[in-house]
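Q: First, the structure itself, so that you have it in front of you.
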Amino acid sequence: MSQKKAPEKPTGNHTSVEMEMADMVGKPLGGPGTQPTKPVRKKSSESMTSDPDLYYSVEDLRSEPPPGEPVSNRIRPMLGQGKHEAGALFFKDGYRRIDYVLAFPVPRRKHPVKVEHKPEDDSSAFHPEGEDQKVRRRREFEKNLIEAGLDLERDDETKDHGMCFVRLHAPWKVLSQYAEILKIKMPTKKIYELKERTGIKAKAYALWRKTIKPLQPSPQAKQVDKEPYKHISYTFSRDKEHMFLIENRDTFFLPSTRSLIVHEILKRTRYSQKDYAIGITNLIAQGVYTAAYPLHEGEFEGDTDIPPNPRQMLFDEWGSYSKFVKFQPLNLIRNYFGEKIGMYFAWLGLYTKLLIPSSLVGLIVFLYGVFTMDDNVPSDEVCEAYNITMCPLCDRECKYWRLSDSCKSAKFSHLFDNEVTVFFSIFMSLWATWFLENWKRKQMELNYAWDLSGFEEEEEQPRPEYEARLVKHRIEQSDKTGQGYGSASGNAEDSGMGEEVKLPKKQTLFAVGVSSVTILTMFTVTLAAVFAVIMYRLSVASALAIYPNSGQIVSGTAVTLNLIVILILDEIYGSVAAFLTNLECPRTETEYEDKLIFKLFLLKFVNSYASIFYVAFFKGRFMGRPGQYIYAAPGLRMEECGPGGCLYELCIQLSIIMAGKQLIQNNVMEIGMPKLKKFLRECTCFGLCKERAERAEDKAGPRDTRWEEDLVLEPFSGLSPEYLEMIIQFGFVTIFVASFPLAPLLALVNNVLEIRLDARKFVQELRRPMAERAKDIGIWYNILKGITKISVIVNAFVIAITSNFIPRTVYQYMYSPDGSLHGFIDWSLSTFNVSDFEPGSEPRDNRSLGEVVQFCRYRDFRDAPWEAEPYKYNLAYWHIFAARLGFVICFQNFIIFLRDFIGYIIPDVPKELDEQIKKENKIMMDALIHEENVRQGEVEMDPEKEPL
């Protein structure tokens, strides 16, 4: 095999990867003063306007082919395929695939703008510019893209007003170079047989596969090889190109991989000679380009007689509501959207699947409460307590009432507060750990199947906002010192010192301090909103006390009002979190995303759960007692739990907030908002709407191009909103599940619909996201672990404090004469002498029940008024207090032990997968050693065996 002479590299302290990256994107490594190589431009008379400096054709931008190579060789047809339709996914020649599209507006003007070539002043790089400055940056950027090896194509039509598009294509040379630099794994020719199961294990596996076969996507959508062997994947290398399974160079790399490579070039390409003037993100932030995006693979709805494209398959197999019982086509999702999005939907699918057993157990707990409702002794005693008079629930206007009036509430409370509630809380705590351990295993399987093992994220470029603030800081420092910006003493980077300049710590600490204070202020706003709802409930309850059944009306309206406040604050907090993160100005996109996620989670977590925590642990705990009530405001005493108890109210509050957030925020807004934004974008897209309407009227004329249709779609804004709504739901499912066993079932129903809604949104309503690689779900896994730990503590306190489990247990084993719950209700009520009411707080009518009331009962464990120390906590109170404390300690330690045990017995990597990875590594290593020996002539190649 002939060896080609390696091109000379710049000298200096630079790695081979950095030098090769610099060669491709035109970044000089010899120092700031090095000038990039100027391209050889080929003039063309086609598609030229009266202003050649502003509008130029693809022929005007592309460089000359090498000597002796005809231009037609650079437009090689795809092997095994004919010419494709122009305006769809290919250049006008019908052969070169469009890998990326850049869009920018052409402003309305009366005469062409003449652009003069002059060096840019770096001090104005981030200041508002005129159109001429944008044109200079565009042409410099596109010139450097061509130097990097990309093919460009512009619109031929000259426009006075509207959108212009630049279409990019990556030839094989560029794809292979970047695939090697980015360490993308691709299938090789080397194969090996997969280990077949034998014995009982094989029969059980075959039975399981046969059982779930109706739930699998169609074979075409699964995109999984059925052969009993596997091609070993290896990091792509141009030197070992013959090793890889390249049947067709044009289809060897998936479209998502091609767009990833082009995006990498766009991130690294310069538009100026200065160090900070780099990347498409900067240009979009400055308005030089409006959008940069890969194209969707055609229409999502098409002729059934034609083989469907990947977008159609996703819409039919993934976005169809009729396929809600089927598994997701994860391989197709990954191939189309990339590993990062594929990882999210794999996580969501596993979470939804594991909600099935928890939903069944929660339903069993609920049904147990239904079937034992009539046999429950405490609720029967409540319904038969016609002679027990209860103290009024508010001052003056409220009347005395019979305990039997709360019969329905007591019966309903038994549905969720019964003997198996503790078991269900233990089960859900272990379920959360089981889910996380299963996800770690699933994650390893996906890393292996998607060739992500060994993938490490590279160092990111600074964000344009960070660079803008850095430039501003440099200018301010140069003004203070009296030295020009960019001088050797004023700019460490330009002086060749090689040290990265960062924002001063004083600015960073100030921004962090402002963020911390603002977040604490937002917490106060949330608590103020909760207090406002409490005041509403107290005032309305007092005003409507004379009407029967007013309590249900007050509770229902208060919970609805609380839900509305939560939804409104959620939207406000999203903007606040984004503002604070922008104020802190993180350096990279990953840092920005992590900081934003953390703020969003804190604010929305507190907003979603503040009212629930209040009902669970504070309502009725600090109200005082009859005769010594604590008042929130003059005439409005602190509220106590209703006749059904605090757990009953907690259940109602949790169910309405959870169902309301999922229905309104997660589903209705996800459907409506993208459609509304698409409509507004169509009407404000710089004349594009008018052009499309004119073409729609002229049916015989040209159709909308793929890039025009994709431009009006909603830009992809990241996975943080998708993760966040599921994380909040995970909290509802685990943290307060002891009070609402049907929470997993509600979550399951929502998620089945959520998956299809998200699928339709990604396929139909959003621009195609740039494919990103990711080995895991990032910071979200740590948040899930934190919620799992919080859930153990909260459920322990809910059972110990909010429910009546501990008082019932203490009475049954310490105070009951026969070991049963007979007499529990009377034992749990204290007695109050109505003559001890504070003046002005007693009921107006002392004969509301038809007789003069001398004594009334209330829920507490205090001595009677005729005791030596009336209204003092009695011995039963301290017994219950000690039992609650002991239960919390034992429950937490027991769950922690079981959780650690589950984590120990479930390995992170399945045994079969671990063996398979080791076997592949050994086979590949032996093949590489053999290949190297053959190349060096130490071993003779067997002519009957195909080389690797």
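The chain as shown is numbered from 1 upward.
Backbone N, Cα and C define each Cβ position, glycine as well.
Sharing the feature lines straight out of TrEMBL:
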REGION    1-71  region 'Disordered'
DOMAIN    90-330  domain 'Anoctamin dimerisation'
REGION    114-135  region 'Disordered'
DOMAIN    333-920  domain 'Anoctamin transmembrane'
TRANSMEM  344-371  transmembrane segment
TRANSMEM  420-436  transmembrane segment
TRANSMEM  509-538  transmembrane segment
TRANSMEM  558-580  transmembrane segment
TRANSMEM  601-618  transmembrane segment
TRANSMEM  726-753  transmembrane segment
TRANSMEM  787-806  transmembrane segment
TRANSMEM  876-898  transmembrane segment
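Each of the listed features needs to be described in terms of its position in the shown structure.
A: Same-chain residues lying 6 or more positions outside the transmembrane segment (344-371) and placing a CB less than 8 Å from one of its CB atoms are 327-328, 330, 333, 414-416, 418, 420-421, 423-424, 427-428, 431, 434-435, 438-439, 442, 446, 719, 722-723, 726, 730, 733, 737, 741-745, 747-748, 751-752, 754-755, 758, 777.
Distant neighbours of the transmembrane segment (601-618): 519, 522-523, 526-527, 529-530, 533-534, 562, 566, 569-570, 573-574, 576-577, 646, 649-650, 653-654, 657, 661, 724, 727-728, 731, 735-736, 739, 783, 794, 797-798, 801-802; these residues of the same chain sit at least 6 beyond its ends, with a Cβ under 8 Å from one of its Cβ atoms.
Proximity of distant same-chain residues to the transmembrane segment (726-753), defined by a Cβ-Cβ separation under 8 Å and at least 6 residues beyond the stretch ends, is recorded for 324, 348, 351-352, 355-356, 358-359, 361-363, 365-366, 416-417, 421-422, 424-425, 428-429, 431-432, 601, 604-605, 608-609, 612, 616, 647, 650-651, 654-655, 657-659, 661-662, 666-667, 780, 783-784, 787-788, 790-791, 794-795, 798-799, 802-803.
Same-chain residues lying 6 or more positions outside the transmembrane segment (787-806) and placing a CB less than 8 Å from one of its CB atoms are 378, 417, 421-422, 425, 428-429, 432-433, 436, 616-617, 645-647, 650, 727, 730-731, 734-739, 828, 880, 883-885, 887-888, 891-892, 895-896, 899.
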Q: For the transmembrane segment (876-898), which recorded stretch in the set 420-436, 509-538, 558-580 gives the largest number of Cβ pairs separated by under 8 Å?
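A: Most Cβ pairs under 8 Å with the transmembrane segment (876-898) come from 420-436.
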Q: Looking only at the domain 'Anoctamin dimerisation' (90-330), what is the model's average confidence as pLDDT?
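A: Summing pLDDT over the domain 'Anoctamin dimerisation' (90-330) and dividing by its length gives 78.
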